[in-house]
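Enquirer: Supplied in structure tokens, the structure appears directly below.
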Amino acid sequence: MAAGGGGGKADEFLPHPVKDQLPGVDYCVTSSPSWPEGVILGFQHYLVVLGTIVIVSTILVPLIGGGNVEKAETIQTLLFVAAINTLLQTLFGTRLPVVVGASYSFLIPAFSIAFSTRMSVFADPHQRFKQSMRAIQGALIVASFFQIIVGFFGFWRIFARFLSPLSVAPLVTLTGLGLFVLGFPKLADCVEIGLLALVIIVIFSQYIPERMKSRGADRFAIIVSIGIAWAFAEILTAAGAYNKRSPKTQLSCRTDRSGLISAAPWIRVPYPFQWGRPSFNAGDAFAVIAASLVAIVESTGTFIAASRFGSATPVPPSVLSRGVGWLGIGTLLDGLFGTGTGSTASVENAGLLGLTRVGSRRVIQISAGFMFFFSILGKFGAVLASIPLSIIAAIYCVLFAYVASAGLGFLQFCNLNSYRSLFILGLSLFIGLSVQQYFNEYLLISGHGPVHTGSTAFNDIVQVIFSSPATVAIIVAYFLDLTLRRGDSLTRRDSGRHWWEKFRNFNHDSRSEEFYSLPFNLNRFFPSF
């Protein structure tokens with residue numbers, strides 16, 4: 001009895017076992033919930049990606065001369081193209097449950113195009129909007145070929161083969177944390193509504209399932225929180241609570257100030273070259289190519305987080321490269337249709353996989369169906385797009401945090417008692433956040449970035465790359481992990497490379513076939529390595 005008791009006591013101090021697949025997931029990549037539940041979960045993913053699309057359009061369209069009509073048309077176009085790209089990525093790309101939506105990294109070169117001297121000659125705002133869109137389209141079309149070449153020609157596979165859990169941890173962590181400015185700062189624009197939404201999400205996703213001893217409420221916490229907070233905002237608006245507030249507060253809090261419902265058409269199908277023939281400029285193209293590189297890096301972090309929340313095995317390098325290639329196809333479609341920004345794997349939707357514990361590929365494909373539906377029926381989509389942005393920001397506080405925690409989860413493969421590991425991890429996280437803060441503050445105060453040469457394209461390239469925390473973090477972590485004490489026999493184990501050795505090649509682990517093989521037996525014609 002004494003020996004047995006001593007053994008039980010000793011078990012309490014054993015470390016948690018390492019898991020190359022996340023346990024506790026209700027539905028993995030290849031499994032699916034019932035159709036009614038899947039439809040509701042798909043609609044929830046649609047609401048999350050719609051928030052990002054509305055934010056991007058709200059920032060971009062007014063700056064390039066557009067009004068509410070152009071904003072509504074841009075949102076419809078972004079939704080339509082996001083639906084196509086999401087289906088392509090889940091069918092032929094990484095095959096992970098990721099939504100491909102609008103990217104913030106393309107906004108900097110888009111602003112540069114909009115404020116260039118060649119656009120200032122257009123006095124009519126509508127004409128300036130169309131000319132700016134055509135210039136952005138041309139740059140996106142050129143940049144898409146960079147992503148296509150990097151992905152389909154296997155260059156990203158070469159890069160990914162040298163990734164380790166130690167370098168992936170800061171990449172994924174800052175893919176989530178790097179978007180912190182879209183969280184509480186935006187929530188605080190209308191704190192009474194945003195904070196209510198945040199509290200409801202936490203209660204429904206964490207406390208109610210614990211008290212009820214059953215799952216279910218947590219899967220629909222986003223819809224419940226949006227519904228309650230939106231209804232509360234409607235009551236405050238109708239009661240005149242914001243009538244005497246500042247214009248900024250009214251825009252953030254009132255539910256009748258988006259202007260989208262009246263501006264959106266009842267039915268409109270987005271089509272290629274809807275703004276006219278694209279125009280091409282070498283400087284614009286190089287700046288957007290830099291933004292497409294940032295989109296590749298951030299999408300890689302999102303792919304890895306989605307594989308974790310979908311209870312899949314680590315993503316083989318060839319599958320990551322294949323996903324980047326299809327991301328390039330998505331950016332090409334952005335250029336053809338004129339979305340105003342390029343594509344990236346949606347960070348917030350990856351976080352929603354963690355919140356719901358449903359990593360099903362089918363659910364994401366259902367969400368693409370909602371994107372198609374609401375992108376064509378403009379009035380119905382505009383109603384949902386008028387959700388106050390402070391509610392969306394409250395959702396981001398939780399979803400971005402989930403992605404950041406997925407990155408920290410990769411540290412289980414590393415030796416955190418190694419000073420080398422601690423140095424690489426700490427420096428990459430700190431520099432990633434610190435450099436971005438410096439570049440953004442400098443831009444805000446001076447009106448231009450720290451690099452201010454005679455070449456606008458070069459200035460934009462540097463600003464885009466170093467404004468991305470995930471990109472800066474992976475540059476630092478990747479370089480240090482490959483060069484610091486490389487000859488030490490323990491370095492490989494400290495970085496966790498031995499855990500991922502069998503996933504370096506597609507055929508070394510039988511589970512890779514289950515999660516990442518192409519449909520319709522296409523692996524015979526397009527094999528993964």
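Glycine residues also receive a Cβ, built from the backbone N, Cα and C atoms like all the rest.
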Enquirer: Kindly point out the range from 96-117, 162-183 that TrEMBL annotates with transmembrane segment.
Expert: 162-183
Enquirer: Under a Cβ pair cut-off of under 8 Å, which of the recorded stretches 190-208, 422-439, 461-484 contacts the transmembrane segment (220-242) most often?
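Expert: Of the candidates 190-208, 422-439, 461-484, 190-208 scores highest.
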Enquirer: Assess whether the transmembrane segment (461-484) lies in contact with the transmembrane segment (43-65), where contact requires at least three Cβ pairs under 8 Å among residues 6 or more apart in sequence.
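Expert: No, the stretches stay apart by this measure.
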Enquirer: Are the transmembrane segment (190-208) and the transmembrane segment (43-65) close, by which I mean at least 3 Cβ pairs under 8 Å that are 6+ residues apart in sequence?
Expert: no
Enquirer: Looking only at the recorded stretches 43-65, 363-385, 422-439, which one has the largest tally of CB-CB distances under 8 Å to the transmembrane segment (391-410)?
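Expert: The stretch I would name here is 43-65.
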Enquirer: Would you call the transmembrane segment (43-65) and the transmembrane segment (422-439) in contact, using three or more Cβ pairs under 8 Å, pairs 6 or more apart in sequence?
Expert: no
Enquirer: What residues elsewhere in the chain lie close to the transmembrane segment (363-385), defined as a C-beta under 8 angstroms and at least 6 residues from its ends?
Expert: 27, 32-33, 38-39, 41-47, 49-50, 53-54, 72, 75-77, 79-80, 82-84, 86-87, 90, 97-99, 258, 260-261, 263-270, 349
